[in-house]
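Pulled from TrEMBL:
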ACT_SITE  D:ASP127  active site, proton acceptor
BINDING   D:GLY10, D:ARG72, D:VAL73, D:GLY102, D:GLU103, D:GLY104, D:THR105  ATP binding site
BINDING   D:GLU103  Mg(2+) binding site
BINDING   D:THR125, D:ILE126, D:ASP127, D:ARG162, D:MET169, D:GLY170, D:ARG171, D:GLU222, D:ARG266, D:HIS272, D:VAL273, D:GLN274, D:ARG275  substrate binding site
DOMAIN    D:2-295  domain 'Phosphofructokinase'
SITE      D:GLY104  site 'Important for substrate specificity'
Protein chains: 4
Amino acid sequence: MRIGILTGGGDCPGLNAVIRSVVRTATTQYGSSVIGFRDGWRGLLEDRTTPLDVPAVDGLLTRGGTTLGSARVAPEKLHAGLGDMTAVLAEHGVDVLVPIGGEGTLTAAHLLSEAGVPVVGIPKTIDNDIDCTDLTFGFDTAVSIATEMIDRLHTTAESHQRVLLVEVMGRHAGWIALHAGLAAGAHLTLVPEEPFDVAEVAKIVEDRFARGDSHVIGVVAEGASPLPGTMLVRDGGVDEYGHKRFTGVAQQLGEELERRTGKEVRTTVLGHVQRGGTPTSFDRVLATRFGLHATVAAHEGSVGRMVALRGTEIELVPLADAVARLKTVTPSRLAETLAFTG
Amino acid sequence: MRIGILTGGGDCPGLNAVIRSVVRTATTQYGSSVIGFRDGWRGLLEDRTTPLDVPAVDGLLTRGGTTLGSARVAPEKLHAGLGDMTAVLAEHGVDVLVPIGGEGTLTAAHLLSEAGVPVVGIPKTIDNDIDCTDLTFGFDTAVSIATEMIDRLHTTAESHQRVLLVEVMGRHAGWIALHAGLAAGAHLTLVPEEPFDVAEVAKIVEDRFARGDSHVIGVVAEGASPLPGTMLVRDGGVDEYGHKRFTGVAQQLGEELERRTGKEVRTTVLGHVQRGGTPTSFDRVLATRFGLHATVAAHEGSVGRMVALRGTEIELVPLADAVARLKTVTPSRLAETLAFTG
Amino acid sequence: MRIGILTGGGDCPGLNAVIRSVVRTATTQYGSSVIGFRDGWRGLLEDRTTPLDVPAVDGLLTRGGTTLGSARVAPEKLHAGLGDMTAVLAEHGVDVLVPIGGEGTLTAAHLLSEAGVPVVGIPKTIDNDIDCTDLTFGFDTAVSIATEMIDRLHTTAESHQRVLLVEVMGRHAGWIALHAGLAAGAHLTLVPEEPFDVAEVAKIVEDRFARGDSHVIGVVAEGASPLPGTMLVRDGGVDEYGHKRFTGVAQQLGEELERRTGKEVRTTVLGHVQRGGTPTSFDRVLATRFGLHATVAAHEGSVGRMVALRGTEIELVPLADAVARLKTVTPSRLAETLAFTG
Amino acid sequence: MRIGILTGGGDCPGLNAVIRSVVRTATTQYGSSVIGFRDGWRGLLEDRTTPLDVPAVDGLLTRGGTTLGSARVAPEKLHAGLGDMTAVLAEHGVDVLVPIGGEGTLTAAHLLSEAGVPVVGIPKTIDNDIDCTDLTFGFDTAVSIATEMIDRLHTTAESHQRVLLVEVMGRHAGWIALHAGLAAGAHLTLVPEEPFDVAEVAKIVEDRFARGDSHVIGVVAEGASPLPGTMLVRDGGVDEYGHKRFTGVAQQLGEELERRTGKEVRTTVLGHVQRGGTPTSFDRVLATRFGLHATVAAHEGSVGRMVALRGTEIELVPLADAVARLKTVTPSRLAETLAFTG
């Protein structure tokens, strides 16, 4: 059998570990071959490939990034290129395609699957917003880095009686903010799922200092936003898909809090450090198991599916279900966390 | 309401985070009070207590160890002391007891529960061998440390064409060895669940060098043992419960492999570094959630139970079920891992 | 003898380790007592103190921040308060004052010393810009964190063919940028000591991509600035001492590079994470030795001095020499580093 | 010009960074070429080489180990092979040889130098026992790892009222023990330079518990030894050079302390994890600067020398001076550290 593999969307620790796992499982356990498409869907559209064997994936387990490269492609290009992609796959004799990516990549995978291409998807998202799987690789690494950084900020905030806001990733789902906030003992956690009331946030800050607390640490998901009308918001333009962007939420909230509370506020935007570098052991294990089970599924003909973590087991779920909706923070999980703030 | 809390058995990163979580949830959300018993069951037997309020748990989220102390008590002492313990609980007006510990502690908790004491157990084990819960806190930290150490050994083994064996914790269950082996790309993983054939291990080593590989890394659970008759084993005496001990498995296997293969073998025993220090973000979140849900259960009268992680949710399971058997590595998980060795 | 101690200026990993060292040395080796002034010079001006004994400094070795607090005080306030400070010292029976801080704090220390107060200064600066000492504590920690972050950015830059700029601390001296750039293999290092030519920077970026390199990582000290006329600079206002500020150099350079090269540029501003958290082992050793030697000097009457690292030894240098000028990156060290770029 | 390079002796973080630095400096700044000899002196004796250019050293900055391999060769073999080595160097047109290694390697380098071969040595030793240089790369990494491990042991020792002994590297010099002990706040530090009195060690342990302290952490250099007659010592055989070995000092001291004090003692032997893995930023900078300056010296004809760190500068010292004696812990540094124990 011949397996095609590609990595789509943003960078994520564990991508290389998945590639290694697919290649080792396919070649060692099944005697199959693997071909990689470069720079995500673009490599499939433009027929740019690289052969992948065991020596080629040596050392990839611990390396961040993706050796195949990745690039974003507009959805309409993918629709238009369906025929081209099918032709390229046929030309290379690819029996099953294994795309690794987030919502966009898996939606494209679903599209190809509907068009008759045998596909097994592997979910990848720093933000943990893909449905039907307990977790995805990369998320634990992102939360670990954010937590380590917030741990460091605690002591400096304490010494100077400051408010420190940390902006973490999470455009549509607040999982990173939620977990890092809980893990690092933040006093405030703002997520996209529940717009915040600036007056209420300012009150929490003032109450803490009034009680004699030395500092306030707030974790703010990049996609968090104020309740309409409670705070002036600078225009962030539109993103590549035409959606309106509200950028720099932590910075803007910080300026507003300084004005309202008179306290010194400092803001740190973690940015890309959350998605680079070696994966945690948790993510390496998950990525390796995803790769292994996707390869087994490909060989057993279980296509049109996505591998998913359910409890301690890796299961297969229909691609259609996985892309039906984003997995956002539930009210009960949010309530659980907020019980630890204030 | 008044909650009593104690930590039993060996040290484990996240214990302090659980204590903090129980105290904060009980006092802030329910207006209840919490009393701690010192040094595990011994504190309950000997009536040694410490009051716990929010200031007392400040800073505990990130600290390893247990601020309550811990000590091992022989099971027969616990049986004999049942009446004393009940009296001490009554004297302090404890409504629900929340013991945090491994198999021994939870068995004792079950005993008290059967005797009519309202109990909510919280599972704790580095080894991940407690049944009915996907994971326990401390395990992720132990695997992380072991993985980081094995990462470091790879380069030194490579430079010197050596076999490096790393002994990790896991007396009855090989979960740490399995996960760290998978996460760090070990070439050999030996667990208690499947006795190893020394001749076969030696062959794997020889085959790797014959193929031109630069080194061999093996992860050995402390409870791994050779198939009877395949290797001379030094007497390790008996442990505190009278069980025969086979200590130093990695060291002894190393000596045997040197003799059989002529290759240089070095052994590292990680020991207590696996159970000390600040917990990973994963373990901090899990410990905090366990503490929170146990406190809620205590207030809702859901006693005789243990909190457990099931997928992404914290659920309650009967204590009786949790202590019925140890959770060891399943044949399918073992096969999955071994697919990556050799 | 009675020693007074205070920590001035910004936060710095190792401050607590110094405090612990002074207290342990003074009490254990000399039977002396130590009193701490809170929030830097403000505590001395306003007579706010805290007693310091061995139990009070337990656990401080590994903790970031300063348990004494710190605050900035305008130089003219210090001049005006000279009499008040001398009176407070006399009232508390302080024989020698040990101020720990950067240029501002040491200048104030020198002022007091000139006025007849026995003073032994301890240099502290993340930026490593204090003269007459090879290094100061906190610097190694800051460089370590910056390096770890840049390590993480390499893989994500590689996968996406990007330019990633990292802004690190260093307002007047580029030591952090220089060391982190060298340690992390950056392709560009911009420091305050040598204004950069934007056209030249753009050319380096273009040349790398033209040669087939996958990405460009640049380290930019916060105090780096463009050659006049080569780049439009947004107004950063003035700082607390009335100096003109050029803030956000990396962000502005990034925008300019995007415009000139057409490449995607991402910017990360590390900010306060560089000065928080537990110190590296190097900084803990240096801080402990500084505290010890300052205390010995105080007891031996070697006042009007600052402790300094010279090779492997801790020596005493006149405070006047230490504050005469800032220690900036020398042309030879800069040339050394630039030999590795491009 | 043509430079030959080899790495001798045990593994050490930073070796690869030196190789990268020599290659980049030689090729980029001088247009010279570099050839590597494999497995230390053995490669020179047996004429096994590998060409080294800039692509060959890509990514080496952060990687532990040595891409050239390393092996120990008996001194008499080197003496006997002097003629062969000279011939091999001539055959490959090597103008200057740059050997990177510890005492053994540098002594061999000196021998070659005396025989007329142009040599520039680069000091390498985890143990920091090479004279005439403030520090060598690898040492900071080893101390960092040991410190991190001891940090972890503190909490577990606290929780169980135990004595924990950590054996670190240092056969003839106690620098790692000294620095790690100081950095991690150990209560006992035993080094090869001063034999310990077991009775005195036992008294320190008992005194701490008697004072109410919760635990004792001791750092023991592998080369530490008891005062003759104070403790029974198991025979450790002889090492490859025929010297008598005393192995397992920490383990044996632990057993003795258990017997004498009745306290539970646990021993951890860190072993090879201290010499593997990515170097700290400090070691990466030092290794890079050593490589750069050695290459400059080679091109300027400054041979028969070794690069050395003196304060903040890299200088050249005669090889003869560097190998005249080992740099052991001085009485004043030892006294400084012991002032913090007990």
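Heads up, residue numbers simply count up from 1 along the chain you see.
Cβ coordinates come from backbone N, Cα and C, glycine included.
Here the structure is a predicted model, which means the values were calculated and not measured.
Taking the features listed in TrEMBL, we show where each one sits on the structure.
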residue: D:ARG72; record: ATP binding site; DSSP class: coil
residue: D:GLY104; record: ATP binding site; DSSP class: helix
residue: D:THR125; record: substrate binding site; DSSP class: coil
residue: D:MET169; record: substrate binding site; DSSP class: coil
residue: D:ARG266; record: substrate binding site; DSSP class: strand
residue: D:VAL273; record: substrate binding site; DSSP class: helix
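Sitting within 8 Å of the Cβ centre of D:GLY10, D:ARG72, D:VAL73, D:GLY102, D:GLU103, D:GLY104, D:THR105, and not among those site residues for ATP, are the Cβ atoms of D:GLY8, D:GLY9, D:GLY40, D:GLY101, D:ALA108.
Within 10 Å of the C-beta of the residue listed as 'active site, proton acceptor' there are 31 other C-beta atoms, taking all protein chains into account. According to DSSP, D:GLY10 (ATP binding site) sits in a coil region rather than a helix or strand. Proximity to chain B, taken as a Cβ less than 8 Å from one of its Cβ atoms, holds for D:VAL273 among the binding-site residues D:GLU103, D:GLY104, D:VAL273. If you take the Cα of D:THR125 (substrate binding site) and the Cα of D:GLY102 (ATP binding site), they are about 5 angstrom apart, rounded to a whole number. For D:VAL273 (substrate binding site), the spatially nearest entry among the binding-site residues D:GLY10, D:VAL73, D:THR105 is D:GLY10, judged by CA separation.
Taken over all pairs of the listed ATP-binding residues (D:GLY10, D:ARG72, D:VAL73, D:GLY102, D:GLU103, D:GLY104, D:THR105), the Cα spread reaches a maximum of 13 Å, rounded to the nearest whole number. Cα proximity to D:ARG171 (substrate binding site) (within 10 Å) is found for the following recorded positions from D:VAL73, D:GLY104, D:ASP127: D:ASP127. Under 8 Å, Cβ to Cβ, and six or more positions away along its own chain, D:GLY102 (ATP binding site) finds D:GLY8, D:GLY9, D:GLY10, D:PRO123, D:LYS124, D:THR125, D:ASP127, D:ASP129, D:ILE130. The separation of D:ARG275 (substrate binding site) from D:GLY104 (ATP binding site), Cα to Cα, is 18 Å. Separation of the C-alpha atoms of D:GLU103 (ATP binding site) and D:ARG266 (substrate binding site): 33 Å, rounded to the nearest whole number. Distance between Cα atoms for D:MET169 (substrate binding site) and D:VAL73 (ATP binding site): 21 Å, as a whole number. The separation of D:ARG275 (substrate binding site) from D:ARG72 (ATP binding site), Cα to Cα, is 16 Å. D:ARG266 (substrate binding site) is surrounded by 17 other CB atoms, counting those within 10 A of its CB over all protein chains shown. Applying an 8 A CB threshold to same-chain residues 6+ apart, the list for D:THR105 (ATP binding site) reads D:GLY8, D:GLY9, D:GLY40, D:TRP41, D:PRO99, D:GLY121, D:LYS124. For the domain 'Phosphofructokinase' (D:2-295), the model's pLDDT averages out at 92.
Recorded residues D:ARG266 (substrate binding site) and D:VAL73 (ATP binding site) have their alpha carbons 36 Å apart, per Cα-Cα distance. Maximum intra-site Cα distance, substrate binding residues D:THR125, D:ILE126, D:ASP127, D:ARG162, D:MET169, D:GLY170, D:ARG171, D:GLU222, D:ARG266, D:HIS272, D:VAL273, D:GLN274, D:ARG275: 33 Å.
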